[in-house]
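**Q** Can you keep this structure in mind? I'll have questions shortly.
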Amino acid sequence: MHSATMVFKRAATPHPEKAEWSVDDVEALLGLPFMELVFRAAEIHRQFFDPTKVQLSTLVSIKTGGCPEDCGYCPQSVHHDTPVADQPMMTVDEVVAAARQAKANGAGRFCMGAAWRGPKDADLQKTLDMVREVKALGLETCATFGLLRDGQAEQLKDAGLDYYNHNLDTAPDKYGDIIQTREYEDRLDTLGKVRKAGLSVCCGGIVGMNETRRDRAGLIVQLANLDPQPESVPVNNLVQVVGTPLEGAERLDWTEFVRTIAVARITMPASYVRLSAGRREMDEATQALCFLAGANSIFYGDKLLTTGNPDVVADQSLMAKLNLQPL
C-alpha cells in the first residue's frame with residue numbers, strides 16, 4: 001500500500017497512459033485528515049484551473065419514464081412504483097426552446113437525457129436533429145442516451161455532439177447490488193465507442209447508496225484509470241425517491257461527500273468535477289467546501305431529469321457570495 005504522500009505526488013500527472021491507481025491508494029487519500037485533504041485538493045485544482053470559474057450545465061429530460069432498466073436509484077424505471085409518469089419524447093422545437101432559456105440563464109453546456117436502455121435508430125435520428133439545433137445556438141452539447149450500438153457515437157459526433165455522458169455509477173464490487181439489467185462491461189463498452197468516435201467523455205457516479213468508503217474508492221479508481229481520463233466527472237449524491245429500492249438508504253455524511261470531491265480532484269486533476277444531483281439537499285457551506293476541494297462545474301436549473309435542483313436565482317446568489325464566475 002502506498003503512503004498518502006506518495007499517492008499525492010503521483011497525482012501531478014493527469015491522464016496517465018496506464019492505470020496506476022489502486023483501491024488502497026484512493027482509500028488512503030479518503031482517510032487523510034479532512035483539512036489536509038481539502039488543502040491538497042485545492043492546491044492541485046489551482047495547478048489546472050482558475051478556482052474562481054465554474055462551468056454551468058443545464059440538463060433536460062427529452063424522454064421521461066418507462067425505462068426497462070432496473071437501476072435501484074432511478075424513479076424512471078418500469079420496475080419501480082414511483083410518482084414519475086411516462087412522457088413522450090420532446091419535439092425538436094421544445095428542446096430548442098429549453099436550450100435558449102438555458103443559454104439566457106447563463107449555461108454554457110446543454111445536456112439531453114433519455115430514459116431507455118439505448119436509442120433505437122428512429123429515436124436516434126430525432127436526437128441528431130436536436131443536437132444540431134442546440135449546437136447552432138452556440139452551446140456545448142452533451143447527451144446521455146444509454147448504451148450505444150456500433151456507429152451511433154459517430155452519428156452523434158457528426159451532428160455536433162461534444163460530450164457523451166455514461167456513468168459507471170458505483171464500484172464494480174457494489175454494482176450488482178444496484179443494477180441487474182446491464183453489466184459493468186456494457187458501460188465500459190459504450191465508453192469505448194464514445195472515445196473511438198472522438199467525443200469527449202462525461203463519466204462519474206453516485207454516492208450515498210449504502211456503499212462503504214472502500215466502495216467509493218473503488219468507483220474513483222475505475223474513473224481515474226480510464227485512459228484517457230474523463231473530461232468531465234459528475235459526482236451525484238443520491239436523491240432518494242419514493243418507490244425506488246434505495247428509498248431509505250443511510251444518508252451520506254456531508255464530510256464524506258466533500259472527501260469524495262477532493263479525491264476526485266486529486267486523482268483526476270485536469271477533469272471538470274461536477275456537483276450533480278443532490279445539491280438541493282446541501283447547505284451553502286457544504287457546497288462552498290466542495291468548490292474549495294476542487295469542484296468546478298454544476299448542473300444549473302431547477303430540475304435534473306426528474307428530481308429537484310437549486311433554482312437559478314439561488315445559484316446566482318451563492319456564486320456571488322463565493323465570488324465565483326461562470327466559464
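Note: Cβ is positioned from N, Cα and C throughout, glycine not excepted.
Straight from Swiss-Prot, here's the annotation block:
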- 52-279: domain 'Radical SAM core' (DOMAIN)
- CYS67, CYS71, CYS74: [4Fe-4S] cluster binding site (BINDING)
- CYS111, CYS142, CYS202, ARG274: [2Fe-2S] cluster binding site (BINDING)
**Q** Kindly assign CYS71 ([4Fe-4S] cluster binding site) to one of the three DSSP-derived states: helix, strand or coil.
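**A** Note: CYS71 ([4Fe-4S] cluster binding site) is coil by DSSP, not helix or strand.
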**Q** Around the Cβ of CYS142 ([2Fe-2S] cluster binding site), how many other Cβ atoms lie within 10 Å? Please give the count over every shown protein chain.
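**A** By my count, 24.
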**Q** List, in sequence order, those binding-site residues among CYS67, CYS71, CYS74 whose Cα sits within 10 Å of the Cα of CYS142 ([2Fe-2S] cluster binding site).
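**A** Cα filter at 10 Å returns nothing.
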**Q** Distance check, please: Cα of CYS111 ([2Fe-2S] cluster binding site) against Cα of CYS67 ([4Fe-4S] cluster binding site), rounded to an integer number of angstrom.
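**A** Answer for this pair: 19 Å between alpha carbons.
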**Q** Could you tell me the C-alpha distance between CYS202 ([2Fe-2S] cluster binding site) and CYS74 ([4Fe-4S] cluster binding site) in angstrom, no decimals?
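**A** So the Cα of CYS74 ([4Fe-4S] cluster binding site) lies 19 Å away from that of CYS202 ([2Fe-2S] cluster binding site).
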**Q** Within 8 Å of the Cβ centre of CYS111, CYS142, CYS202, ARG274, which other residues of the chain have their Cβ, at the recorded [2Fe-2S] cluster site?
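**A** Apart from the listed residues, the neighbours are SER57, LEU59, ARG109, THR144, TYR163, ASN165, SER232, PRO234.
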**Q** Sequence gap of 6 or more, C-beta under 8 Å: which same-chain residues meet both conditions with respect to CYS71 ([4Fe-4S] cluster binding site)?
**A** SER77, ASP169, ILE178, ILE179, THR181
**Q** Can you tell me how far the Cα of CYS67 ([4Fe-4S] cluster binding site) sits from the Cα of ARG274 ([2Fe-2S] cluster binding site), in Å?
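**A** Taking the Cα atoms only, CYS67 ([4Fe-4S] cluster binding site) lies 25 Å from ARG274 ([2Fe-2S] cluster binding site).
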